[in-house]
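Novice: Below are the structure tokens for one structure; questions will follow.
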Amino acid sequence: MKKLLKISAISAALLSAPMMANADVLASVKPLGFIVSSIADGVTGTQVLVPAGASPHDYNLKLSDIQKVKSADLVVWIGEDIDSFLDKPISQIERKKVITIADLADVKPLLSKAHHEHFHEDGDHDHDHKHEHKHDHKHDHDHDHDHKHEHKHDHEHHDHDHHEGLTTNWHVWYSPAISKIVAQKVADKLTAQFPDKKALIAQNLSDFNRTLAEQSEKITAQLANVKDKGFYVFHDAYGYFNDAYGLKQTGYFTINPLVAPGAKTLAHIKEEIDEHKVNCLFAEPQFTPKVIESLAKNTKVNVGQLDPIGDKVTLGKNSYATFLQSTADSYMECLAK
């Protein structure tokens, strides 16, 4: 009953929310906002839905978020597999105002599989964050592609199953190649909406591609001396970055950052730390897992921090390159010890 009331409230908000003046481009998560703001600079504003300090893995929409979706000039999201909190609102706005990255034909060949083989499912997860709620709803949506489809969700432990069941690594903002495609798509959409700013948008796109190429070259050189050093990350978010810049990830603690690994998994990780001479364990600012502190204490391995959302990076024209550089610096700070 509560679920039905929540869905009704969201639907009502979508139907009744007033159109706002000076609507912006809305990105589901901040790293997408870095790409968007680089292209939209001087054209229109950029907003991010998931606020600083929050994680898209467990985010719940507020009514004000629904209004932002409805009033935006353009919404950029990854897709319902990872941005599931946006599925309903996205289905109720015009598809020409939406970029669904998962649906972009040029992106699909570049997607990587989630590295489930590095996470050992032993059935003993530590459910400190337990989510028991059911979804049983149908919806039609038609966003950024030419067909409608209908699907039904009826499952428990949504965050756990939804993220751990994914076969694709959807942290696509860490792929420079995919980010270039997204930037081009944003430029195309903004040019259609703001034809008088066509030249500025084209220049922003050119600057984005040039800056990204220059920054990538610097990062590759910076990380060359630590490319053979093994490390564990808190959750499997960095595969695209590691592949792009030649880093050697030994493994990760969990697929879903809301679910801590169990005792058997931790015992196996400890063995791998010793066997592979792992140099670093990386935590994340959005989560403070005690398992990393415990392993570091018992193994004497270094501990660093990676921020897959880029909370400390400010949106702006060069923010995507700054975000990648910030990640590289965080790697170096620990791996170079």
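Think of each number as a place in line: the chain as shown, counted from 1.
Backbone N, Cα and C define each Cβ position, glycine as well.
Quantities reported herein were computed from a predicted structural model and do not represent experimental measurements.
What Swiss-Prot shows for this protein is this:
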type	residues	note
BINDING	H57, H171, H235, D307	Zn(2+) binding site
COMPBIAS	119-129	compositional bias 'Basic and acidic residues'
DISULFID	C280-C334	disulfide bond
REGION	119-163	region 'Disordered'
SIGNAL	1-23	signal peptide
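How about a rundown of where these features are and what they're close to?
Specialist: All chains included, 22 other C-beta atoms sit within 10 angstroms of the C-beta of H171 (Zn(2+) binding site).
Its Cβ taken as reference, C280 (disulfide bond) is surrounded by 24 other Cβ atoms within 10 Å in the chains shown. C280 (disulfide bond) carries a strand DSSP state (E or B).
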Novice: At the level of the C-alpha atoms, what whole-angstrom distance separates C334 (disulfide bond) and H235 (Zn(2+) binding site)?
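Specialist: So the alpha carbons of C334 (disulfide bond) and H235 (Zn(2+) binding site) sit roughly 17 Å from each other.
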Novice: Give me the count of other Cβ atoms within 10 A of the Cβ belonging to D307 (Zn(2+) binding site).
Specialist: 20
Novice: Do you know offhand how many angstrom separate C280 (disulfide bond) and D307 (Zn(2+) binding site) by C-alpha?
Specialist: 15
Novice: Using DSSP and collapsing to three states, where does H235 (Zn(2+) binding site) fall: helix, strand or coil?
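Specialist: Assignment for H235 (Zn(2+) binding site) reads strand.
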Novice: Out of H57, H235, which of these binding-site residues shows the lowest number of other CB atoms within 10 Å of its CB?
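Specialist: Sparsest of the binding-site residues H57, H235 by Cβ contacts within 10 Å: H57.
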